[in-house]
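Participant: Let me give you the structure first, and then I'll get to my questions.
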Amino acid sequence: MPVITLPDGSQRQYDHAVSVLDVALDIGPGLAKACIAGRVNGELVDASDLIESDAQLAIITAKDAEGLEILRHSCAHLLGHAIKQLWPDTKMAIGPVIDNGFYYDVDINRTLTQEDLDLLEKRMHELADKDYDVIKKKVSWQEARDTFAARGEDYKVAILDENISRDDHPGLYHHEEYVDMCRGPHVPNMRFCHHFKLQKTSGAYWRGDSKNKMLQRIYGTAWSDKKQLNAYLQRLEEAAKRDHRKIGKQLDLYHMQEEAPGMVFWHNDGWTIFRELETFVRMKLKEYQYQEVKGPFMMDRVLWEKTGHWENYAEHMFTTSSENREYCIKPMNCPGHVQIFNQGLKSYRDLPLRMAEFGSCHRNEPSGALHGLMRVRGFTQDDAHIFCTEEQVRDEVNSCIKMVYDMYSTFGFEKIVVKLSTRPEKRIGSDDLWTRAEDDLAAALTENGIPFDYQPGEGAFYGPKIEFTLHDCLDRAWQCGTVQLDFSLPGRLSASYIGENNDRQVPVMIHRAILGSMERFIGILTEEYAGFFPTWLAPVQVVVMNITDSQSDYVQQVTKKLQDAGIRAKADLRNEKIGFKIREHTLRRVPYMLVCGDKEVESGKIAVRTRRGKDLGSLDVNVVVDQLLAEIRSRSLHQLEE
C-alpha cells in the first residue's frame, strides 16, 4: 500500500502499485494531460513507471526544465522514426539532448542537404500530428541486442556490447514501428512534440574518435509551445546578424587561417580594442592594489609534473624540446606566479600579495571545437592569484567580487548568475578547512547582496569556487569570471611564508579571473554591441570629412586637434560624395562623423553626426573635443544626446 507524498506535503494512499500518470489523474485530469514524467525520490522516471512503495513524487510537466529536456530527447527519437521511414537503410547511432535542443548521429549513404532536412522535418510533423503513444518496454540485454541486430542497427549493438552490462535491462521505446534504446524518461505521447525545427548538419566521428567512421549529425531545437519556438528562432536570427566572425571581417578586426588553427591574427583595429581593454583592466588592477607580473610562456615538464597538470591535463598541453629537455607551453599562469612568490622570504606582513598577469596561454583544443574568438588555442588571460592567510580569505574574496561587478557594469552587463561549487567526494584538506572556505565564499556573496545557487560536489579537488556567468542581450550565458580557492598548488610547489609565531606556513591561493580570455571577451562584446562599440572602445572614434577640396586644410586642422587631445580620429579627404562617405563610415560603425563644408570653415565649427543617424548640428570644435573626452573618459555606453 504505497503512500505518495507530494511536493506540498499532502499524501495519497493506494492499495496497489500505481504509475506516475495514475497519481496525476487522481489529482486532476488537467495535470494528467500535462504530465510528461515524474520525479520519484529525486529520480526522474517515465509517466508509465509503477511506484510500488512509499515515495516522494513530483509530477513533471513541460513547464519544468526537466520536462523540456525530456520533450527534446523524445524529439530526437521522433527524428529517428522519420529518417528510418524516409531512408530505411540508415543506421542510428546516438541522439542526446544539448542546450536548447538535440541532435542525432546517423550513418546514411547520402550527403544530407537542406532539401533533405525540410523533407525530414515535414515527415516528423506528420508523425507527431498522429499523437501516438510512446510505449516503453524493459527487456533483457540479450533481447535488446537481438532486436537491434535483427534491424541492422550496428551502432546500437556496439553500445550494448561495449557500454551496457549483461545484467542490465535496457529500456526500449516504441514509436509505432520504430524502436530506440534509452535510459529515459520520454514523453508518454507525441502530442508533447509538435514544436520543433531541424537546423543544420555536420560531420561527427563515431565515439568522437577520428579513427572511426564519419557520421552525419543532424541538429534540431524543440520547445513546449509555438511562441517559445518562434522566440528562440528569432534570437538565433539576431545572433547570426551579431556573429563576431562576420562582424570581425566587416570591421577588419582580425582573421584566422589554416596555418595557425585557433590562433588570432589581430589587425590594427582589433588590436586597438584589445589594448584599450587591457588599459581598462590595468587601471582596475591599480585601483584594487595588484602587482602586475609577466612569466615565461613555457617551462620544463618537471614543473608541470609537480603541479599535477602533466598527469591530468597533458593532452591539452603543447610541448617542445631542446637540449634533451622537454618543455610545456603554459596552458595557465598559476604555476609561474607561485615561482615568483617563492623568490625571497615572505612574511605574514607581506600578505595578502595580489599578483596579476596578461598571460599568453595555449591549450590544444580539438580542431572541431574551435570557433572564432570564442574557442581558440592561443589566448590571453586576465589572470590573477592572491596569496593570503586563511583569516584573510573572506576579505580577499569580498574584494574580488566587488571588482567583478565593478568591471562587468562598465560593459553594461546587468544579469549575472552566480554559483558556488562546494566540496567533491575526492578532495584534499580537512572537512573543517572546507567548511570554513565554503562559509567564507558564501558570506562574501551574502555581504555583497548577491543571490547565488549552490552546486554541491562541483568544486575542484583543491578548493571551492564561485562562478560568474554573464547573460547578454540575447540572454545567452557566458561563463567568464571565477574566484577559486586552492589549498593544493602552493604546497606542491613549496610556497611558504613566516607566520606570526615564526613558523613556516603554506599560503592559501585564490585564482581570480574576471574577463577570462581577452580574445573570448572581445568576441562576446562584439556580439553584445553588434559591432557598435562604445566610443571609448571603438577602434576609430571620429572621422572628419570634407565636402569639397576647399575644406581639406580645415579638416586636417580639426583632425589634428582631436588627435592631440588623445581621440582616435582620422580624416577622409577622398574625392567622393559626402553621402557615400557617411554611408561607408556608418557601416564601419564609427561613433562620430564630423562634416566640414564652407559654412563650418567660416564659423570655425563642425557638423556632428552619430553612427545611428542623429544630427547634433554645428558645434564649436573645442566643445566637441570636450564632450567627446568626457564621454570617453567616463567609459560611457551612450553617445552624446542619447
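In case you wondered, yes, glycine gets a Cβ from its N, Cα and C as well.
On a predicted model such as this, the values are computed, not experimentally measured, just so you know.
Swiss-Prot feature annotations, pasted as is:
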type    : residues               : note
DOMAIN  : 1-61                   : domain 'TGS'
REGION  : 243-534                : region 'Catalytic'
BINDING : Cys334, His385, His511 : Zn(2+) binding site
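Tell me about the surroundings of these features in the structure.
Facilitator: Neighbours of His511 (Zn(2+) binding site), defined as other CB atoms within 10 A of its CB across all chains, total 23.
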Participant: Using Cβ atoms only, which residues of the same chain lie under 8 Å from His385 (Zn(2+) binding site) while being at least 6 residues apart in sequence?
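Facilitator: Spatial neighbours, sequence-distant, of His385 (Zn(2+) binding site): Asn333, Cys334, His337, Val338, Arg354, Met355, Met509, Ile510, His511, Arg512.
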Participant: Starting from the Cβ centroid of Cys334, His385, His511, the recorded Zn(2+) site, name every other residue in that chain with its Cβ within 8 Å, sequence order please.
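Facilitator: For the Zn(2+) site the neighbour list reads Met332, Asn333, His337, Asp383, Ala384, Gln484, Asp486, Leu489, Met509, Ile510, Arg512.
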Participant: Going by DSSP assignments with H, G and I as helix and E and B as strand, what are the residue counts for the domain 'TGS' (1-61)?
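Facilitator: Grouping H, G, I as helix and E, B as strand yields 14 helix, 24 strand, 23 coil.
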